[in-house]
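Enquirer: Pulled the feature table from TrEMBL, pasting it below:
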type	residues	note
COMPBIAS	464-486	compositional bias 'Polar residues'
DOMAIN	24-430	domain 'Ammonium transporter AmtB-like'
REGION	447-487	region 'Disordered'
TRANSMEM	24-45	transmembrane segment
TRANSMEM	52-74	transmembrane segment
TRANSMEM	115-134	transmembrane segment
TRANSMEM	141-161	transmembrane segment
TRANSMEM	173-192	transmembrane segment
TRANSMEM	204-221	transmembrane segment
TRANSMEM	275-303	transmembrane segment
TRANSMEM	323-344	transmembrane segment
TRANSMEM	383-408	transmembrane segment
Amino acid sequence: MSLPSNLNPDEASPPWLNKGDNSWQLTAATLVGLQSVSGLVILYGSIVKKKWAVNSAFMALYAFAAVLVCWVGWGYRMAFGDKFIHFLRMPNISLDAQYLIEQAFLGYLPNATMIYFQFVFAAITLILVAGALLGRMNFLAWMLFVPLWLTFSYTITAYSIWCLEGWLSKKSIIDYSGGYVIHLSSGVGPRTTKDKERFPPNNIMLMLAGAGLLWMGWTGFNGGDPYTISTDASLVVLNTHVCTATSLLTWLMLDIIFFGKPSVIGATQGMITGLVCITSTAGVVQGWAAILMGMMSGSIPWYTMMVLHKKIGLLKQVNDTMAVFHTHVVASSLGGILTGLFVVPKLNRLFYMVDNWQHYIGFFYGLHTGHTTAGFKQLGIQLLGIVFVVLLNIFTTSVICLLISLIIPLRLAEDELQTGDDAIHGEEAYALWGDGENYESKLNSIYEEFPPPSKGGEPGRAGESSNRSETMSLADEQQLSGSATDTRGKHRILAELKCVKQESKFLEMEELERTNNVSTLSEETNGPINPSWDRWFEGPQDAKGCRCQIL
């Protein structure tokens, strides 16, 4: 039987290359990449306070770029390359064209595809780590942390669990898509007290958009791990979304029952815990097990976050911005344990291509089929994997942070913590004025063009009004002149303007009408004669359309 011309082997498409599988693998990898540089960049930039939006989003973007350079430079070969030592492979570059177009260890994909696919998983791991550090870590320290943690933590975990020669892989640990390697690894200097007490998102709508990209991108995250277009890949995708939806609804119901309101942020957290929990076992469990896992991933992390976190002293010391400890450490550990309980031997054989009852059998199925010992063994291996990943990352992360602290402070300075993006990057997420002018320059230009009105008129009040105006003018001048050198930017100005004495906000209308700068109603245009006041100062209008009383 002759094949269509586009399927015939040639120099660019050797006989060992499966074009369909290669296409899906590249597509799945790109979906995972979109989770990072679109989904998490948007999610991080919107779920934090406005003053941290730029810094949070940029930490994710930087990590994505830095990981790629390190991955092709030495990272990939350290995890999946030639034999070196017991827990690590030989560091080497992955840029030679001949190496990139050769068969990967799976046999039907080129090395270039595998490098790209594994890279996006490494990148999202570092970005998830960033979620625990938003709003407090020195960006320069983060620039050093990314390559060091990738080299001495991620590659060891990936080799031990995912590489065919890794010691946990040989023990038949089940980590379908990275519940251990990625999520448990990523969850392991305090913020300001004010930020810890209240850290509202600056844009919930964008937060939902980022969360949606993260959810849909998980189709490639889990669906690409069979490394082939198979029935198991279809099962993976469906189980992933079923567990996630169940987890979201469970978290939502708990919020309504105990707090009386359906929290959008809470639903987003429930979505994340569902995705993380199912990752370890997405293609090797039944659909009903995915429902049960969703119910537990929506309730157990909810309980640890909402109840235990406030009661247990040790958990009170966990101070991560995005609650990564609960959404990733707790959820991924839960997923690993449930994997040891629910995995189906037949589905394991479809994925791992083994036919051995002594490996890859869940505890419940072991009891049902009389292979209780094998079920206990698998559950023990899953627990061993959790202990290994936690201890490894506690040790390596602590050492890396200690070394970085000898070079540069890990934590931001106090004035930077108070100000945020403006102090760290000299940029802010949202411009108050049309062309991005900063607040101070606009205020100065308005005061020069429209000086605050001085009081006059009634003899009995003239002296008092004059003195009060002079006092206020002097105070305003000091505030504005100080703002030019105030490193805390517009937030300082906003706070000081709100503290202007109450009497300056309620100047009598009859006195304002004596000034030339009052915005009154024009009979010809049916609008303010002086639109500049209405344009720059928002406040309640009176009957004549004046908003000047905001000053």
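Counting begins at 1 with the first residue displayed.
Glycine too: its Cβ is placed from the backbone N, Cα and C atoms.
Could you tell me the structural context for the features on the list?
Expert: With a cut-off of 8 Å between Cβ atoms, the residues of this chain six or more beyond the transmembrane segment (52-74) that come close are 33, 36-37, 40-42, 44-46, 91-95, 115, 118-119, 122-123, 126-127, 130, 133-135, 137, 139, 142-143, 146-147, 150-151, 202-203, 420-421, 424-425, 427-430.
Among residues of the same chain six or more beyond the transmembrane segment (204-221), those with a C-beta under 8 A of the stretch's C-beta atoms are 27-32, 34-35, 38-47, 121, 124, 177-178, 237, 240-241, 244, 264-265, 268, 271-272, 275, 279.
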Enquirer: Could you tell me what the rest of the chain brings near the transmembrane segment (24-45), counting residues at least six beyond its ends with Cβ under 8 Å?
Expert: 53-54, 56-57, 59-61, 64, 109, 113-114, 116-117, 119-121, 123-124, 127-128, 130-131, 134, 206-207, 209-214, 216-221, 223-224, 227-229, 233, 322, 429
Enquirer: Where else in the chain does the transmembrane segment (323-344) make close Cβ contacts, counting only residues six or more beyond its ends and a cut-off under 8 Å?
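Expert: Hits for the transmembrane segment (323-344): 128-129, 131-132, 174-176, 179-180, 183-184, 186-188, 269, 272-274, 276-281, 284-286, 289, 292-293, 296-297, 300-301, 304-305, 309, 315, 360-365, 375, 378-383, 385-386, 390.
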